[in-house]
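Undergrad: Below is one structure. I have some questions about it.
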Amino acid sequence: MPTVGVVLNDDKPQALEVARRMADWLSQREVPMGIPLTRVAELVHSPSPELRDRLRQLDLIVVLGGDGTLLNTARLAAPHGIPVVGVNLGRLGFLTEVEVSDLFPALERIIAGDYRIEERMMLEARLIRDGLEQPSYFALNDVVVTKGDHPRMIRVEAAVGDEVVWTYSADGLIVSSPTGSTAYSLSAGGPIVSPELHALLLTPISPHALDARPLVIPQDQAVRLTVISSHSHAVVTVDGQPGQPMVCGDSVLVRKASVACRLIRLGERTFFRILREKMQQGR
């Protein structure tokens, strides 16, 4: 029997009730739960050393929530190679695989090993200040340098490898993975990229130039975003988490991560079928 973890977003009205029903279901079938029912906020912001140790021993994680909950969980699961399956309690759910009405039939298949793994490319981001590299972060969707809540645009120099591509005056810049191409980057006018293609996308947010267009960059290249605004109000965010302030001269180096998100898939729905369904649902 696989050892299962359950992570929930208790901001969702159904989440706690569904989690308890699921825990009972697993217990009745003597499926071991490697961690107690865990709120995603605890997992991301204040995990105990014991919780971190037990997380590494899981065979799979079931996520009850929406795409945001799955993103948060995936960043912690990916370094340990733990597969993740999302149960959609949100609205669109591009990444989640199971609707809550189908939860228990889906669990039967998962426990029996009747699923496939879909690997998604992730990003690694590192803030560089005064020439010193700060600890790195993983992202499944995107890394964003933005003006935050300040009304003025920021100036950001974008380099690919050692070559400066452009200096943007804009509300910000998005570096996204193919998975993130249907998130913030899409709303900023970026292209939709199949997750089977490994690449980095550079998308400006409301640029002050008509010729500032999105770029698609090979997976083996790193993107460096350097704040050159004299007024220091830029912020860098990873997968929409609370941001870290940046000052003039700070850089963020973004590259393809050495780890990947492993998503559990049950059906044969293609990326483009999911895209059609979710786009129509979001109208």
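Cβ coordinates are placed from backbone N, Cα and C, and glycine is handled just like the others.
Here's the feature list from Swiss-Prot:
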ACT_SITE  ASP67  active site, proton acceptor
BINDING   ASP67, GLY68, ASN141, ASP142, ARG152, ASP171, THR182, ALA183, TYR184, SER185, LEU186, SER187, GLN241  NAD(+) binding site
Undergrad: Would you mind pulling the longest C-alpha to C-alpha span across ASP67, GLY68, ASN141, ASP142, ARG152, ASP171, THR182, ALA183, TYR184, SER185, LEU186, SER187, GLN241, which the record has binding NAD(+), in angstrom?
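TA: Among the residues the record ties to NAD(+), max Cα distance equals 30 Å.
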Undergrad: Near LEU186 (NAD(+) binding site), which residues of its chain come within a Cβ-Cβ distance under 8 Å, counting only those 6 or more away in sequence?
TA: ILE192
Undergrad: Might you list, by sequence position, any residue in that chain lying six or more from ASN141 (NAD(+) binding site) with a Cβ less than 8 Å away from its Cβ?
TA: LEU71, SER176, SER177, THR179, GLY180, ALA183, TYR184, ASP239, GLY240
Undergrad: Using a 10 Å cut-off on Cβ-Cβ distances across all protein chains shown, tell me which of the binding-site residues (THR182, GLN241) has the largest neighbour count.
TA: THR182
Undergrad: In this structure, which of the recorded positions ASP67, ARG152, TYR184 has the fewest other Cβ atoms within 10 Å of its Cβ?
TA: ARG152
Undergrad: Sorry to bug you, but what's the C-alpha spacing from THR182 (NAD(+) binding site) to the residue listed as 'active site, proton acceptor', rounded to the closest Å?
TA: 12
Undergrad: According to DSSP, collapsed to three classes, what secondary structure does the residue listed as 'active site, proton acceptor' have?
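TA: It is helical.
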